[in-house]
Structure formats: structure tokens, C-alpha cells
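Comments concern the structure below.
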């Protein structure tokens, strides 16, 4: 029979509140509301359908602090990940948020009211401590820490929710199962043991072999349960991945496997995430859970070292084994043996026997360059699907992000680069300067900081969409803060698909030179107080972290700088 839910009861709030639905819907119409972010939407869906059992809402301060410090809710229940609803001081004042107040939570895609939260408390978290405790370091190289720094607001509100309706999905509806639905499916098929496999990547032959082996060793069935919410920036989009999963399911022995999608927003929190994933799969009815090497690891930190040890995740799951009540299946690293045309665990291969492997980096290289991918590594249907979504390198879009002080030469460089790329041909070339998509404003300095931030968001979104379609995009605004630059980069990586080739170039012409050659008098007006928001005068131009190229018009002329950018693009096989 299916595993018992975490905490003993499946908190299916949609089913619980069904008889109240019309009353809640009418009440929500008159309530102040919060339009959820994409991550909050994922979290709310799994709160409402019971995937996050025993949670019945967003964490109050006592639960939050317990999770941060001890991996436990205030009542002592094991739960490793803070599930929070963040708001700004402006939101609190505007919506009159206070303990006891009720707020409607709306879907950002269609504005539908999904739930009502009754506020228990409002608290200001220590987000640096949260980063260190949950993710291991306050390091912006970690995607969740970058998200925490740049997107999460300064206050959290806690409280239980009442469900009005689950979010509506229009993609892969037949593959979306709630915990109750998946448990019913297992009962119908008499599946007593279910090995769940977590993935945010495409699957290949090695993944099929390890899951089949795990199932056969335990006389169980396999649940392929991929994440289709927020994953790591730069990951393969979920539309492509689901087509890959559908293709590979046909390769499983008849009746062994089942595919279901999980609308989870991953945090890439390594060991804590592995415990969280185990709890979620337990709630969905699985009895076993595969935990891999560096499970949910985000890669390298700012010092070039892995954030987590290769077996930290497995160790933490084993530590809480008695409370989790789901058996961990250690991920077995599989390797191909050409002599027998089969996959075997690495530690079972006799010494001296030839093995073959293709790393993730090598696979991406082959997809980008069109190089062959052998059938021993993957299946034809899988490779065909990936190639449809990942065109050859010369067909992929890219974004060249130039930024520096006003008068640094960045716009001149951008225009010259546009001409050069147009001359080469092969792609459309789009130029987005600080003002050319904002004709309603006289100058960049007539805008408020909020308007400039929104304009940068618009430019980043447009750049990502153009790059996704295969265009060369030259983006050249003045972006004085590193956090804003990181936001631009993350937008491209997350939304540009195969066009998420991003090149940051710092036009490092110093302030003295820019001001001495300022024919428009921007700096003079700023020093008189006539205009504000001028980097170098009343706003610091923060040091540029990790640019791919640094240039300076004092020591290089424009053709030389443009040529260096072209060489950079050629080195990446984009020209």
C-alpha cells in the first residue's frame, strides 16, 4: 500500500474546503489581494494539494525559526525547507496587513483567486542567516541566495490558507497528479512498493538503467517524478524535458513505470533539499526515493568549489531515516561497457574493463555543435527531441550586455557592434540602448529609480525573448549596481532558452574621462543638483563582478573593442 503522508494526514486543502468554495470565492472578491510570484504559486499549489503536508499554509515565525535552526516545525515535526510568503513594507501598509486579517492570493497568470490566507503574524527574517543555515553560505553564486537577495521582499507573513481552487494548467494536463490522485492510481494498479526518481534534467539510457535496476532489486515499480516548476537558471525548459520523459517511458518494461509531473520550485539546497524531496515523494505515496551524488546541488561557489560534498545529501537523509519512513535508494553511478553493450554501476566494473561516459558538459557541447550523440548514450527519440529545442550553435541567439558610466563609450560600441554583426549576416541584430524603447521619457535622468528599474526589467525581458528566437541582442543601459546586473543576467538565463548565451562586458572608462568629455553636460547638471540618478555623482557605480571582457576607450579605439567582442563570440562558436 502507499506510504503514509508526512505527519500522518494528507493535508488536501482543496478537497477539505470544496463545500466552502463559492463562499470563499465571493469573499475573495471583496478582500485585498496579493498577486503571487512564480515561486509562491508553486509553493501554494503544493500546500493546497497536500504535497507539503503537514503544512496548511505559509510558515509563521515560530515554524520558520524552527526550520531554519533545527529543520523542525514548532511542534517538532521534521521539515527542512522554509516555505514563506514575502511582502514589502509598502504591501503591508497598502493592504492593511495585520494579524487576523484575510488576504486573497491570486494567480499571476490569470488573476484568479486561488486561496485566502488568514494572517497569524508578520515578521522580518534575518535573510543572511537564512542563506547560511539553509544553503550553507551567503554566496550569490548560489541561485537561491541570489533569489533571496534580489527578489525576496523584507517581511514574511505567516498563516493558514483556505483553498478556493487549484491553479489551472494548460500543458501536459494528463500528466499532472495531485498526491491524492497519484495514491489512488497506485491503489488501482496494486502498486505496493514505488521507487520515486527526482530529476530536473533530460533522461538518458543510464537513468533508465539505474531506475529499472533499483525497482527490480526491491520488486517495486518506478515513479518518474520530474520537477516542472522553477529549477536552476539555464536548465533545459520543462516542455522539452517532458517530451524527453514521454519518449523514454516507452523504453521501460511494460507496466513498470509511471510518469507524473511535480510543480515544485526548487531551491537547489543540496542536503536539506534531499530531505524535503523525500518528504514530498512520501506525501505522493512513494515508498522509496532515489538520492543521487550531490543531490540538488547548484554547482560551484564563488571560490570555484562545490557548495556541497558528493554524499552530504545521502548522509542527511540517512540521519533522519527513522522519521522519514521512506527508504533511501543511493544513486548508483552507471557507466557503459561496450564489450557487453550494457550499463553497470561503476563500483561493480572489474578493473581493466573499458567503459564509456559522456558528461553533461560534453552532451551540451554536442547538442550545440551538432556533433553526433551515440545510441549507447541515449535513444534516438530523446536525441531528436533535444535537437529540436537546441539548434546548432550558429543558429542560437545571444545577448551582449555592455554597461559603464554615462559617456564611457558603451553606446558607440554597441552601435558599431550592431553594424559589424549585420555585415556578417546569419541572424537579425537588435540594439537596446538606455532610451530607445522608452520614447516617452526625455532623458534617462528624468525617471525615478522605480521607473528605471522597471525599464531595465522590460529591456531584459525583450532581450530574452529576442535571443530565444535566435537574434543577436546588444543591450547597453547604464546599470550601476551589481545586483541589477545579476538580475539582467538571470532573466536571460531563465527565459531565453537556447538563446541564453550571455556576455557581460564592462566599459571601464573612468569617471574623470567621461566627465571631461561630456558634451551634453549631464555631469555638470548632476553636480548642480538639476538632475538625479547619475552614476558616478549621486549614485555609486559599483565594481563590476566577473565580466567576460573589460574595455576602455582611452586605451582602445572603437574598432579594436568591437573586434575583441567579435573574437569573444567566435571563441564561443556563435559566429
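Here the Cβ of each residue, glycine as well, is placed from N, Cα and C on the backbone.
Note: TrEMBL annotation is automatic and uncurated.
Marked as sulfate binding site by TrEMBL: 198, 200, 296.
Annotated domain 'Sulphate adenylyltransferase catalytic' per TrEMBL: 175-388, in sequence order.
According to TrEMBL, the feature domain 'APS kinase' maps to 396-552.
If you look up TrEMBL, you'll see 1-170 marked as region 'N-terminal'.
If you take every residue in the region 'Required for oligomerization' (396-575) and average the pLDDT, you get 87. Residues or ranges marked as region 'Required for oligomerization' in TrEMBL: 396-575.
In the structure as shown, the Cβ atom of residue 204 (site 'Transition state stabilizer') sits within 10 Å of 21 other Cβ atoms. The site 'Transition state stabilizer' annotation in TrEMBL covers 204 (among others).
Applying an 8 A CB threshold to same-chain residues 6+ apart, the list for residue 207 (site 'Transition state stabilizer') reads 197, 199, 248. What TrEMBL lists as site 'Transition state stabilizer' is 207 (among others).
Excluding the listed site residues 198, 200, 296, the same chain places 199, 227, 231, 266, 273, 277, 295 with Cβ atoms within 8 Å of the centre of the sulfate site Cβ atoms. Under 8 Å, Cβ to Cβ, and six or more positions away along its own chain, residue 296 (sulfate binding site) finds 198, 266, 267, 268, 269, 270, 273, 274, 277, 313.
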